[in-house]
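K.L.:
Residues or ranges marked as domain 'G-protein coupled receptors family 1 profile' in TrEMBL: 40-289. The feature transmembrane segment is assigned by TrEMBL to 24-54, 66-85, 97-119, 139-156, 199-225, 237-259, 271-291.
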Amino acid sequence: VSMNHTTVVEFVLLGLSDSRHLDITLFLFLGIAYFLILLGNISVISITLVNNFLQTPMYYFLRNFALLEITFTSTFIPSTLYSLLTERRTISLPGCFLQMLFFYCLGTCTLFHLAVMSLDRYVAICHPLHYTAIMNSRLCLQLILSCWALSFLLMFPPTIMTIQLPFCGPNVMNHFYCDASLLLQLSCTDTGFIEELMFVILILILPGTLIATAVSYGCIIITILQIPSPAGRRKAFSTCSAHLTVVMVFYSTCIYRYIRPAQRGGQDSDKILSLFFSVLTQTLNPYIYSLRNKQVKQALKESILKFSASL
């Protein structure tokens, strides 16, 4: 049967709301969140680079994690802020595909980084005497490169397959960034194989990295319980509980958003879940993982004093 189709050249993202007043509120919220993300992560990168006593594996991983957070949030927050401010809801076809590629590759890399950082903390707390020997510079570099390489190797094939699909209309997505599951629904051909492939990859990544992270923190908690000093246990639990809270929010929203079957046309609840794992946790991460640390606070204080003295 011959059918007339119009080739899609751009997509319409409905965004976070359809109210102009709410758009302004969301613009302020996202703008402040993005500013805090940039400020916190740039501070972490700067402090860990210039201070000699922060040249340890833990801060090496935190520095790379901070760089990852900046690039991940920059894939969608600036464009979302622009659409909220100007009410321009469209995104070009190449722009949508590029955003989707980097969003999923960098998001996957975040999961691997969380697992690697939990492994680093496990070795530091449970095997302190062998920490420097195990977590040497070569292994740290290999772990970081593995995170980036695995992320792109896993997410690149389904993304490229999605890019090659024909899109004939409609071209409207109920989201604030180019979401893969909604994009597949807009294709005018069968996408069953790609959907199954993405589901298998997500099943491997999300529960796999969650189990690795949970096992590491489980061993850490057991070791903490053996600390004789109550004050030492409370301090260790305070740090550990903050990390676990962020990890639980991030993983629970990711798993519920992407492991369950995608709803046809998208739902507003999906956008709220996406805000949690892509904005809220990213805003908290530099302050939970780095800037609460006593050594980092001391280094930050010294840097501010030096800067003030130079002025």
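Note that Cβ sites are derived from N, Cα and C of the backbone, with glycine treated the same way.
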K.L.:
Within this structure, do the transmembrane segment (97-119) and the transmembrane segment (199-225) have 3 or more Cβ pairs under 8 angstroms, counting pairs 6 or more apart in sequence?
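P.N.:
Yes; at least 3 Cβ pairs under 8 Å.
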K.L.:
Go through the chain and flag residues at least 6 beyond the ends of the transmembrane segment (139-156) whose CB is under 8 A from any CB in it; none is fine as an answer.
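P.N.:
Those are 57, 60-61, 64, 101, 104-106, 108-109, 112-113, 116, 119, 201, 204-205, in sequence order.
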K.L.:
Any chance you could find the range in 24-54, 66-85, 97-119 with the most Cβ pairs under 8 Å to the transmembrane segment (271-291)?
P.N.:
24-54
K.L.:
Along the domain 'G-protein coupled receptors family 1 profile' (40-289), what average pLDDT does this model show?
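P.N.:
Across the residues of the domain 'G-protein coupled receptors family 1 profile' (40-289) the model's pLDDT averages 87 on the 0 to 100 scale.
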